[in-house]
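> Pasting in a structure now, in C-alpha coordinates, and then I'll have a few things to ask.
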Amino acid sequence: MIIAIQTLIFFRQSLLTALDRLLRPYFQKFALSLTKSSFESDDDEPDENVFAEYDDEKGVIFFPPMYVQRYAAIVDCLLDERWSGKLDKVVDLGYHDMSFIKYLKEVSGIKSILGVDLETIPLQCSSDLLSCNEYAPKRETPLQISLLQGNAADPDYRLIGCDAVIAIEMIEHMLPHDLERLVHTVFAFIKPWIVIFTTPNDFKDVITGDINICKFNEKYLHRLNCTTLQVKKFSKTTQGLMAKNKVDALVHTREVVEEIKHLTKMLNFNKSGLNQQDEKTHIWYNFNWGENAPYWNQYYKIVREYNYPFETKSDDCRILDLISDEMNRLIDLQYDDILSVDLNKLEIPLQHLMQTVQHITDDVENVRELLEWNGYEVVDDMVIYSRLAIDNVTIDSQIDDWQENESVSDVKKFN
(Lines of atoms letter the chains of each structure in order from A and count residues from 1; the text may use other names and numbers.)
(Lines give C-alpha, C1' and ligand atoms only; values in the text may rest on other atoms or scores of the structure.)
Protein backbone atom coordinates (compact mmCIF):
# COMPACT_ATOMS: atom_id res chain seq x y z
CA MET A 1 0.00 0.00 0.00
CA ILE A 2 2.81 2.38 0.89
CA ILE A 3 4.62 1.54 -2.35
CA ALA A 4 1.47 2.28 -4.37
CA ILE A 5 1.02 5.67 -2.67
CA GLN A 6 4.66 6.57 -3.30
CA THR A 7 4.28 5.59 -6.95
CA LEU A 8 1.18 7.80 -7.35
CA ILE A 9 2.98 10.73 -5.73
CA PHE A 10 5.94 10.21 -8.05
CA PHE A 11 3.82 10.21 -11.21
CA ARG A 12 1.46 12.98 -10.05
CA GLN A 13 3.78 15.79 -11.12
CA SER A 14 4.43 14.18 -14.49
CA LEU A 15 0.70 13.78 -15.09
CA LEU A 16 -0.01 17.41 -14.19
CA THR A 17 2.80 18.59 -16.47
CA ALA A 18 1.44 16.56 -19.39
CA LEU A 19 -2.08 17.89 -18.86
CA ASP A 20 -0.72 21.42 -18.63
CA ARG A 21 1.09 21.05 -21.96
CA LEU A 22 -2.09 19.81 -23.62
CA LEU A 23 -4.56 22.31 -22.18
CA ARG A 24 -2.44 25.44 -21.79
CA PRO A 25 -2.52 26.55 -25.49
CA TYR A 26 -6.33 26.37 -25.57
CA PHE A 27 -6.57 28.20 -22.26
CA GLN A 28 -4.26 30.96 -23.52
CA LYS A 29 -6.34 31.55 -26.66
CA PHE A 30 -9.51 31.59 -24.59
CA ALA A 31 -8.02 34.03 -22.06
CA LEU A 32 -6.73 36.33 -24.80
CA SER A 33 -10.14 36.38 -26.44
CA LEU A 34 -11.70 37.31 -23.11
CA THR A 35 -9.09 40.02 -22.61
CA LYS A 36 -9.71 41.43 -26.07
CA SER A 37 -13.47 41.38 -25.60
CA SER A 38 -13.11 43.16 -22.26
CA PHE A 39 -11.14 45.95 -23.92
CA GLU A 40 -13.79 46.32 -26.60
CA SER A 41 -16.66 46.27 -24.13
CA ASP A 42 -15.16 49.02 -21.98
CA ASP A 43 -16.09 51.63 -24.60
CA ASP A 44 -19.56 50.28 -25.29
CA GLU A 45 -20.91 49.41 -21.85
CA PRO A 46 -21.17 51.93 -19.00
CA ASP A 47 -19.04 51.41 -15.93
CA GLU A 48 -21.08 49.59 -13.31
CA ASN A 49 -18.81 50.88 -10.57
CA VAL A 50 -20.05 54.45 -11.13
CA PHE A 51 -23.16 55.10 -9.07
CA ALA A 52 -24.70 57.41 -6.47
CA GLU A 53 -26.58 56.76 -3.27
CA TYR A 54 -28.40 58.88 -0.73
CA ASP A 55 -27.39 59.14 2.91
CA ASP A 56 -29.63 60.73 5.54
CA GLU A 57 -26.75 62.61 7.14
CA LYS A 58 -24.37 63.30 4.24
CA GLY A 59 -26.93 63.60 1.46
CA VAL A 60 -26.03 62.34 -2.03
CA ILE A 61 -22.75 60.40 -2.11
CA PHE A 62 -21.10 59.73 -5.47
CA PHE A 63 -18.80 56.85 -6.37
CA PRO A 64 -16.23 57.75 -7.59
CA PRO A 65 -16.24 61.28 -6.15
CA MET A 66 -17.94 63.97 -8.18
CA TYR A 67 -14.73 65.82 -8.97
CA VAL A 68 -13.19 62.68 -10.48
CA GLN A 69 -16.19 62.22 -12.77
CA ARG A 70 -16.03 65.90 -13.72
CA TYR A 71 -12.34 65.58 -14.58
CA ALA A 72 -13.07 62.51 -16.70
CA ALA A 73 -15.76 64.40 -18.60
CA ILE A 74 -13.39 67.29 -19.33
CA VAL A 75 -10.69 64.93 -20.55
CA ASP A 76 -13.26 63.31 -22.85
CA CYS A 77 -13.89 66.74 -24.38
CA LEU A 78 -10.17 67.34 -24.88
CA LEU A 79 -9.81 63.96 -26.58
CA ASP A 80 -12.49 64.74 -29.15
CA GLU A 81 -11.41 63.68 -32.63
CA ARG A 82 -11.85 67.23 -33.95
CA TRP A 83 -8.88 68.55 -31.98
CA SER A 84 -7.26 65.52 -30.37
CA GLY A 85 -3.49 65.89 -30.60
CA LYS A 86 -3.75 69.50 -31.85
CA LEU A 87 -4.01 71.22 -28.47
CA ASP A 88 -0.46 72.40 -27.86
CA LYS A 89 -1.12 75.04 -25.19
CA VAL A 90 -3.81 74.79 -22.49
CA VAL A 91 -4.63 77.08 -19.59
CA ASP A 92 -6.39 76.00 -16.40
CA LEU A 93 -8.00 79.03 -14.73
CA GLY A 94 -8.50 78.79 -10.99
CA TYR A 95 -6.72 75.48 -10.60
CA HIS A 96 -6.17 75.92 -6.81
CA ASP A 97 -4.45 72.68 -5.66
CA MET A 98 -3.49 71.48 -9.15
CA SER A 99 -5.60 68.35 -8.83
CA PHE A 100 -6.68 68.56 -12.48
CA ILE A 101 -3.27 69.52 -13.91
CA LYS A 102 -2.02 66.09 -12.83
CA TYR A 103 -4.55 64.59 -15.26
CA LEU A 104 -4.05 67.29 -17.87
CA LYS A 105 -0.34 66.65 -18.31
CA GLU A 106 -1.10 63.08 -19.39
CA VAL A 107 -3.20 64.20 -22.37
CA SER A 108 -1.26 63.51 -25.56
CA GLY A 109 -0.19 66.44 -27.70
CA ILE A 110 -0.08 69.09 -24.96
CA LYS A 111 3.29 70.85 -24.79
CA SER A 112 2.51 73.81 -22.54
CA ILE A 113 0.19 74.11 -19.53
CA LEU A 114 -0.57 77.38 -17.77
CA GLY A 115 -2.12 77.45 -14.31
CA VAL A 116 -3.64 80.73 -13.13
CA ASP A 117 -4.96 81.28 -9.62
CA LEU A 118 -5.57 84.34 -7.50
CA GLU A 119 -4.45 82.77 -4.23
CA THR A 120 -0.74 82.39 -3.46
CA ILE A 121 -0.74 79.95 -0.54
CA PRO A 122 -2.29 76.99 -2.45
CA LEU A 123 0.11 77.64 -5.32
CA GLN A 124 3.21 77.50 -3.17
CA CYS A 125 2.01 74.52 -1.14
CA SER A 126 0.86 72.38 -4.06
CA SER A 127 3.53 73.24 -6.62
CA ASP A 128 5.84 70.49 -5.33
CA LEU A 129 3.39 67.88 -6.64
CA LEU A 130 4.66 68.48 -10.18
CA SER A 131 8.34 68.01 -9.41
CA CYS A 132 10.23 66.66 -12.42
CA ASN A 133 13.60 65.52 -11.17
CA GLU A 134 16.21 63.54 -13.02
CA TYR A 135 14.68 60.24 -11.91
CA ALA A 136 11.36 60.92 -13.64
CA PRO A 137 10.76 58.90 -16.83
CA LYS A 138 11.40 60.87 -19.99
CA ARG A 139 8.42 61.92 -22.06
CA GLU A 140 8.02 61.52 -25.79
CA THR A 141 7.24 65.22 -26.24
CA PRO A 142 8.41 68.30 -24.33
CA LEU A 143 6.15 69.71 -21.63
CA GLN A 144 6.36 72.98 -19.73
CA ILE A 145 4.07 73.81 -16.80
CA SER A 146 3.93 77.41 -15.61
CA LEU A 147 2.15 78.37 -12.39
CA LEU A 148 0.98 81.99 -12.45
CA GLN A 149 -0.61 84.21 -9.83
CA GLY A 150 -3.20 86.71 -10.96
CA ASN A 151 -6.80 87.43 -11.87
CA ALA A 152 -8.17 85.20 -14.61
CA ALA A 153 -10.06 88.18 -16.03
CA ASP A 154 -6.82 90.05 -16.84
CA PRO A 155 -5.61 89.66 -20.46
CA ASP A 156 -2.02 88.67 -19.74
CA TYR A 157 0.14 88.21 -22.84
CA ARG A 158 1.07 84.66 -21.80
CA LEU A 159 -2.51 83.59 -22.44
CA ILE A 160 -2.06 84.32 -26.15
CA GLY A 161 -1.90 81.18 -28.23
CA CYS A 162 -3.83 78.93 -25.85
CA ASP A 163 -5.76 76.32 -27.80
CA ALA A 164 -8.02 75.39 -24.87
CA VAL A 165 -9.29 77.28 -21.83
CA ILE A 166 -10.57 75.34 -18.80
CA ALA A 167 -12.23 76.86 -15.74
CA ILE A 168 -13.42 74.29 -13.19
CA GLU A 169 -15.73 75.54 -10.44
CA MET A 170 -14.39 79.10 -10.78
CA ILE A 171 -17.03 81.46 -12.17
CA GLU A 172 -19.24 81.18 -9.08
CA HIS A 173 -16.38 82.63 -7.00
CA MET A 174 -15.77 85.70 -9.17
CA LEU A 175 -17.11 89.21 -8.70
CA PRO A 176 -19.78 90.45 -11.15
CA HIS A 177 -17.52 92.96 -12.90
CA ASP A 178 -14.79 90.33 -13.30
CA LEU A 179 -17.21 87.90 -14.95
CA GLU A 180 -17.79 90.24 -17.88
CA ARG A 181 -14.06 90.89 -18.22
CA LEU A 182 -13.41 87.14 -18.14
CA VAL A 183 -15.71 86.53 -21.10
CA HIS A 184 -14.00 89.22 -23.17
CA THR A 185 -10.55 87.92 -22.20
CA VAL A 186 -11.41 84.37 -23.21
CA PHE A 187 -13.46 84.93 -26.37
CA ALA A 188 -12.04 88.23 -27.63
CA PHE A 189 -8.41 88.13 -26.48
CA ILE A 190 -7.41 84.46 -26.40
CA LYS A 191 -9.90 83.07 -28.95
CA PRO A 192 -9.14 79.39 -28.34
CA TRP A 193 -10.49 76.36 -30.16
CA ILE A 194 -12.39 75.04 -27.16
CA VAL A 195 -13.58 76.62 -23.90
CA ILE A 196 -14.87 74.54 -20.99
CA PHE A 197 -16.62 76.07 -17.96
CA THR A 198 -17.94 73.89 -15.14
CA THR A 199 -20.06 75.04 -12.22
CA PRO A 200 -22.20 73.35 -9.55
CA ASN A 201 -25.16 75.52 -10.57
CA ASP A 202 -28.28 73.93 -12.03
CA PHE A 203 -28.14 74.98 -15.70
CA LYS A 204 -30.98 74.67 -18.14
CA ASP A 205 -30.38 72.47 -21.14
CA VAL A 206 -28.64 74.55 -23.80
CA ILE A 207 -29.97 72.49 -26.67
CA THR A 208 -33.58 73.35 -25.82
CA GLY A 209 -32.90 76.97 -26.71
CA ASP A 210 -33.52 78.40 -23.24
CA ILE A 211 -31.37 81.52 -23.01
CA ASN A 212 -31.30 81.45 -19.21
CA ILE A 213 -28.48 78.94 -19.28
CA CYS A 214 -27.23 79.83 -15.81
CA LYS A 215 -30.55 79.95 -13.99
CA PHE A 216 -30.66 77.63 -11.00
CA ASN A 217 -33.14 76.65 -8.32
CA GLU A 218 -33.42 78.79 -5.21
CA LYS A 219 -33.08 75.81 -2.90
CA TYR A 220 -29.45 75.38 -3.98
CA LEU A 221 -28.47 79.01 -3.35
CA HIS A 222 -27.33 78.38 0.20
CA ARG A 223 -24.81 75.81 -1.05
CA LEU A 224 -23.10 78.19 -3.47
CA ASN A 225 -20.52 80.89 -2.91
CA CYS A 226 -22.06 83.24 -5.47
CA THR A 227 -25.21 85.31 -5.73
CA THR A 228 -27.96 85.20 -8.30
CA LEU A 229 -26.71 88.49 -9.73
CA GLN A 230 -23.26 87.04 -10.40
CA VAL A 231 -24.57 84.05 -12.30
CA LYS A 232 -27.14 86.08 -14.25
CA LYS A 233 -24.43 88.60 -15.16
CA PHE A 234 -22.26 85.84 -16.57
CA SER A 235 -25.26 84.38 -18.38
CA LYS A 236 -26.19 87.74 -19.91
CA THR A 237 -22.65 88.30 -21.14
CA THR A 238 -22.44 84.87 -22.75
CA GLN A 239 -25.77 85.22 -24.54
CA GLY A 240 -24.22 87.53 -27.11
CA LEU A 241 -21.56 84.94 -27.84
CA MET A 242 -23.97 82.07 -28.47
CA ALA A 243 -24.90 83.50 -31.88
CA LYS A 244 -21.25 83.36 -32.97
CA ASN A 245 -20.33 80.07 -31.36
CA LYS A 246 -21.64 76.58 -31.79
CA VAL A 247 -22.77 75.13 -28.47
CA ASP A 248 -22.44 71.38 -28.08
CA ALA A 249 -24.05 69.31 -25.38
CA LEU A 250 -21.73 67.09 -23.40
CA VAL A 251 -22.97 63.54 -23.75
CA HIS A 252 -21.34 61.51 -21.00
CA THR A 253 -21.65 57.76 -20.96
CA ARG A 254 -21.92 57.40 -17.21
CA GLU A 255 -25.46 57.02 -15.97
CA VAL A 256 -24.77 58.89 -12.76
CA VAL A 257 -24.13 62.09 -14.69
CA GLU A 258 -27.60 61.85 -16.19
CA GLU A 259 -29.09 61.25 -12.75
CA ILE A 260 -27.46 64.35 -11.27
CA LYS A 261 -28.01 66.53 -14.33
CA HIS A 262 -29.79 69.11 -12.17
CA LEU A 263 -26.68 69.49 -9.99
CA THR A 264 -23.94 70.02 -12.55
CA LYS A 265 -23.70 70.98 -16.19
CA MET A 266 -20.87 71.68 -18.54
CA LEU A 267 -20.80 74.33 -21.23
CA ASN A 268 -18.57 73.47 -24.14
CA PHE A 269 -18.19 76.46 -26.45
CA ASN A 270 -16.75 75.12 -29.68
CA LYS A 271 -15.57 77.90 -31.92
CA SER A 272 -17.25 77.49 -35.31
CA GLY A 273 -15.03 77.20 -38.31
CA LEU A 274 -12.41 75.06 -36.61
CA ASN A 275 -11.91 72.79 -39.59
CA GLN A 276 -11.40 75.76 -41.88
CA GLN A 277 -8.56 77.15 -39.78
CA ASP A 278 -5.04 76.68 -40.99
CA GLU A 279 -3.11 74.63 -38.44
CA LYS A 280 -0.01 76.77 -38.97
CA THR A 281 -1.86 80.03 -38.32
CA HIS A 282 -2.64 80.98 -34.74
CA ILE A 283 -6.28 81.78 -34.14
CA TRP A 284 -5.30 84.63 -31.82
CA TYR A 285 -3.35 86.43 -34.57
CA ASN A 286 -4.38 90.07 -35.07
CA PHE A 287 -3.09 91.94 -38.10
CA ASN A 288 -2.99 95.18 -36.10
CA TRP A 289 -0.25 93.72 -33.90
CA GLY A 290 2.06 92.79 -36.74
CA GLU A 291 4.51 90.01 -35.98
CA ASN A 292 5.04 91.04 -32.35
CA ALA A 293 2.44 90.24 -29.71
CA PRO A 294 1.61 92.86 -27.03
CA TYR A 295 4.15 91.77 -24.44
CA TRP A 296 3.39 94.85 -22.32
CA ASN A 297 0.32 93.07 -20.88
CA GLN A 298 2.12 91.55 -17.90
CA TYR A 299 -0.54 91.03 -15.27
CA TYR A 300 0.56 87.67 -13.85
CA LYS A 301 3.42 86.80 -11.56
CA ILE A 302 5.36 83.59 -12.15
CA VAL A 303 5.28 81.34 -9.09
CA ARG A 304 7.09 78.32 -10.49
CA GLU A 305 7.93 76.68 -13.80
CA TYR A 306 8.59 73.05 -14.68
CA ASN A 307 10.32 71.67 -17.76
CA TYR A 308 9.89 67.93 -18.06
CA PRO A 309 12.71 65.89 -19.60
CA PHE A 310 11.85 64.32 -22.92
CA GLU A 311 13.45 61.99 -25.41
CA THR A 312 12.73 62.27 -29.11
CA LYS A 313 11.84 58.90 -30.64
CA SER A 314 10.88 57.84 -34.11
CA ASP A 315 7.45 56.38 -34.80
CA ASP A 316 8.94 52.92 -35.30
CA CYS A 317 10.67 53.09 -31.93
CA ARG A 318 7.48 54.26 -30.23
CA ILE A 319 5.51 51.42 -31.85
CA LEU A 320 8.02 48.82 -30.70
CA ASP A 321 8.08 50.18 -27.16
CA LEU A 322 4.29 50.18 -26.86
CA ILE A 323 3.95 46.68 -28.31
CA SER A 324 6.70 45.37 -26.05
CA ASP A 325 5.01 46.84 -22.98
CA GLU A 326 1.67 45.34 -24.00
CA MET A 327 3.27 41.92 -24.56
CA ASN A 328 4.91 42.04 -21.14
CA ARG A 329 1.59 42.96 -19.58
CA LEU A 330 -0.16 40.02 -21.24
CA ILE A 331 2.66 37.66 -20.29
CA ASP A 332 2.50 38.72 -16.65
CA LEU A 333 -1.25 38.22 -16.84
CA GLN A 334 -1.00 34.71 -18.30
CA TYR A 335 2.04 33.20 -16.59
CA ASP A 336 2.07 32.36 -12.92
CA ASP A 337 5.73 31.32 -12.92
CA ILE A 338 7.90 33.28 -15.35
CA LEU A 339 10.77 30.79 -14.96
CA SER A 340 8.71 27.82 -16.15
CA VAL A 341 10.13 26.36 -19.35
CA ASP A 342 6.96 24.39 -20.03
CA LEU A 343 4.95 27.51 -20.81
CA ASN A 344 7.22 28.50 -23.66
CA LYS A 345 4.97 30.27 -26.15
CA LEU A 346 2.22 32.84 -26.22
CA GLU A 347 0.14 33.70 -29.27
CA ILE A 348 -1.10 37.29 -29.35
CA PRO A 349 -3.51 38.53 -32.04
CA LEU A 350 -1.94 41.24 -34.16
CA GLN A 351 -5.21 43.14 -34.19
CA HIS A 352 -5.08 43.35 -30.40
CA LEU A 353 -1.60 44.89 -30.54
CA MET A 354 -2.81 47.39 -33.13
CA GLN A 355 -5.15 48.85 -30.52
CA THR A 356 -2.16 50.00 -28.47
CA VAL A 357 -0.61 51.89 -31.41
CA GLN A 358 -3.76 53.15 -33.11
CA HIS A 359 -2.92 56.74 -32.15
CA ILE A 360 0.33 56.42 -34.15
CA THR A 361 -0.61 54.31 -37.16
CA ASP A 362 -3.35 52.06 -38.50
CA ASP A 363 -1.20 50.34 -41.14
CA VAL A 364 -1.24 46.67 -40.17
CA GLU A 365 1.26 45.62 -42.84
CA ASN A 366 3.75 48.24 -41.72
CA VAL A 367 3.52 47.01 -38.13
CA ARG A 368 3.84 43.40 -39.30
CA GLU A 369 7.02 44.18 -41.26
CA LEU A 370 8.40 46.14 -38.32
CA LEU A 371 7.85 43.23 -35.94
CA GLU A 372 9.35 40.68 -38.32
CA TRP A 373 12.35 42.92 -38.96
CA ASN A 374 13.00 43.10 -35.21
CA GLY A 375 12.91 39.35 -34.69
CA TYR A 376 9.26 38.69 -33.88
CA GLU A 377 7.49 35.74 -35.50
CA VAL A 378 4.12 36.56 -37.09
CA VAL A 379 2.02 33.64 -38.36
CA ASP A 380 -1.59 34.00 -39.54
CA ASP A 381 -2.04 37.41 -37.89
CA MET A 382 -0.75 36.00 -34.62
CA VAL A 383 2.45 37.23 -32.99
CA ILE A 384 4.33 34.26 -31.52
CA TYR A 385 6.18 35.31 -28.40
CA SER A 386 8.59 32.66 -27.10
CA ARG A 387 10.13 32.77 -23.65
CA LEU A 388 11.90 29.42 -23.79
CA ALA A 389 15.20 30.88 -24.92
CA ILE A 390 14.95 33.77 -22.50
CA ASP A 391 14.17 31.49 -19.57
CA ASN A 392 17.04 29.14 -20.46
CA VAL A 393 19.45 32.05 -20.65
CA THR A 394 18.18 33.37 -17.35
CA ILE A 395 18.44 30.02 -15.59
CA ASP A 396 21.85 29.22 -17.09
CA SER A 397 23.20 32.64 -16.24
CA GLN A 398 22.00 32.28 -12.66
CA ILE A 399 23.62 28.84 -12.36
CA ASP A 400 26.88 30.18 -13.79
CA ASP A 401 26.81 33.07 -11.35
CA TRP A 402 26.23 30.70 -8.46
CA GLN A 403 29.09 28.47 -9.60
CA GLU A 404 31.42 31.43 -9.96
CA ASN A 405 30.46 32.70 -6.53
CA GLU A 406 31.03 29.26 -5.01
CA SER A 407 34.43 28.93 -6.69
CA VAL A 408 35.46 32.37 -5.53
CA SER A 409 34.30 31.64 -2.01
CA ASP A 410 36.22 28.36 -2.05
CA VAL A 411 39.38 30.10 -3.14
CA LYS A 412 38.98 32.69 -0.43
CA LYS A 413 38.26 29.97 2.08
CA PHE A 414 41.33 27.91 1.27
CA ASN A 415 43.57 30.94 0.98
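Every residue, even glycine, has its Cβ placed from backbone N, Cα and C.
Features from Swiss-Prot:
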BINDING   Ser99, Asp117  S-adenosyl-L-methionine binding site
BINDING   Glu169, Glu172, His173  Mg(2+) binding site
> Give the helix, strand or coil assignment DSSP yields for Ser99 (S-adenosyl-L-methionine binding site).
coil
> What whole-number Å value do you get for the CA-CA distance of Asp117 (S-adenosyl-L-methionine binding site) and Glu169 (Mg(2+) binding site)?
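Roughly 12 Å, rounded to the nearest whole number.
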> How would DSSP class Glu169 (Mg(2+) binding site) in three states?
coil
> Between Ser99 (S-adenosyl-L-methionine binding site) and Glu169 (Mg(2+) binding site), find the distance joining the two CA atoms and give it rounded to the nearest Å.
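Distance (Cα to Cα, whole Å): 13 Å.
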